[in-house]
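Quick notes on the structure that follows.
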Amino acid sequence: MTDGPRQRSSTAGSAKDAAGEESGGKVALKKEIGLVSACGIIVGNIIGSGIFVSPKGVMENASSVGVALFVWIITGIITAIGALCYAELGVTIPKSGGDYSYVKDIFGGLAGFLRLWIAVLVIYPTNQAVIALTFSNYVLQPLFPTCFPPESGLRLLAAVCLLLLTWVNCSSVRWATRVQDIFTAGKLLALALIIIMGIVQICKGDYYWLEPANAFEPFQDYDVGLIALAFLQGSFAYGGWNFLNYVTEELVDPYVNLPRAIFISIPLVTFVYVFANIAYVTAMSPQELLASNAVAVTFGEKLLGVMAWIMPISVALSTFGGVNGSLFTSSRLFFAGAREGHLPSLLAMIHVTRCTPIPALLFTCLSTLLMLCTSDMYTLINYVGFINYLFYGVTVAGQIVLRIKQPNMHRPIKVCVLIWPVIYLIFWAFLLIFSLYSEPVVCGIGLAIMLTGVPVYFLGVYWDNKPQCFDAFINKMTYVGQRFCVVVYPAESNGGSSGSGEEGEEMKEARSPLSKDGGDNHKSVDC
């Protein structure tokens, strides 16, 4: 390596020394996420705008109210089983990064990289862009009562929302979790209002579509394929149930709070989803529900009178909290990927005093802003939704593989591997096979997008002897980014790496020389 990079490394080391002189502790991610905030992350990420805007995806394929409610319950139970499996993995491999970290440790670097690649390239940027656009649509709609808001205005407000929440997340973990707690409480209060109004309707005798004779009366012919599609839609509605595993290292007492948060949040969301749908059909027929573009708004107009404005505001608040939760968790996924050498090492650095992963947050914000500039993001979501679901099953299968490969590994939580993972995988395989059968082109394109990560992995990660000019360029960019963001590589935590000594050496080699050269004599910062 040339003298230039060494000199830059020395400068960075001096910067860290100076930071350490101020405090004399360690730079590391703060453990500031307690049980309430942990529940807020799960509930806030699962409950987005869907239950307010379009719960009709399940209804139109289930063909009757009764079957639709049955689908919501079953998918909630399956989600809880999957979360139970993730709880064991989360305390067995106590690393941030969620299923990426588990897949990498169990199946190897390429499998983990492909999970990370599809998340970085499409899943998080598109999902965050769509949620932000939904927020801006519900904020601007009252200003344009007779027409649709202008597209440029929607995208501009969505960008402002993303920038504001990125600033909050960069400033403080505590601020970000407080925002998540407040907006999760807000959306639960709005859904509680819907459920209470439904109970009032039932007490008044308006429960025609809940009577067994009418609940299972089909408004279209039952079809096995459509019912399978209803289960698929229901499973997608519970998306986000695994997001707490992405921030394991920031949990207070993760061995206790990770499983507790999962056991509290998933049943709560299932209860809310089922009873919100019951409330909807007390005020609307299945046909009215399917015809509505915003079910909660229509529900509010029917029952709340002059207070109907509460519903569109609730949707806006829900989506605002959803953007915050997604930014918070996705940045930790990118942070974990960079720490393992699968992304630029700058993304694995945190601010010297705020202890937030500012580069990773800026990266996820920038990628989402770029998605706002394209009109193809909804198409991309359709393509990669199948891949996202594919890795849920791969991760749960990894739990079984890990039991076989390392039966004596310490597991604070141990589920019955012959029951719960098997039940989840049977349901997962059924939906996966049906998806391939019903939409082979879409699934094939999704697989092709994922496989573009294979050459990237071998060129960017596996290939060690890169040209010296390339390494010098990366070092220079890392140095500039480190100076700009005032970040350093965090001290290793127990959960930071569970690999072998050889893997640890590879991780060190993947880091910037800034962190290596200045790492022996810096005192770091006490967060």
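In case you wondered, yes, glycine gets a Cβ from its N, Cα and C as well.
For 517-527, the entry in TrEMBL reads compositional bias 'Basic and acidic residues'. The region 'Disordered' feature in TrEMBL is assigned to 493-527. As annotated by TrEMBL, transmembrane segment applies to 33-53, 65-86, 106-124, 152-170, 182-202, 222-241, 262-283, 303-323, 358-380, 386-404, 416-438, 444-463.
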Decide whether the stretches the transmembrane segment (358-380) and the transmembrane segment (262-283) have at least 3 CB pairs under 8 angstroms, with pairs required to be 6 or more apart in sequence.
no
For the transmembrane segment (416-438) and the transmembrane segment (386-404), decide whether they are in contact, meaning at least 3 CB pairs lie under 8 A, counting pairs 6 or more apart in sequence.
yes
Do any residues of this chain, six or more beyond the ends of the transmembrane segment (152-170), have a C-beta under 8 angstroms from a C-beta of it, and if so which?
128-129, 132-133, 135-137, 139-140, 176, 179, 320, 323-324, 327-328, 331, 351, 354, 356, 358, 361-362, 364-365, 368-369, 372-373
So which of 106-124, 182-202, 262-283, 444-463 is most in touch with the transmembrane segment (386-404), counting Cβ pairs under 8 Å?
106-124
Suppose I define contact as three or more CB-CB distances under 8 A, residues 6 or more apart in sequence; do the transmembrane segment (106-124) and the transmembrane segment (444-463) meet it?
yes
Between the transmembrane segment (262-283) and the stretches 33-53, 182-202, 222-241, the largest tally of CB pairs under 8 Å belongs to 182-202
Recorded stretch, among 33-53, 182-202, 222-241, 444-463, maximising Cβ pairs under 8 Å relative to the transmembrane segment (65-86)
222-241
Short question: which residues 6 or more past the ends of the transmembrane segment (182-202) have a Cβ under 8 Å from it?
39-40, 43-44, 47, 51-52, 210, 272, 275-276, 278-280, 282-283, 296, 299, 303-304, 310-311, 314, 317-318, 320-321, 324
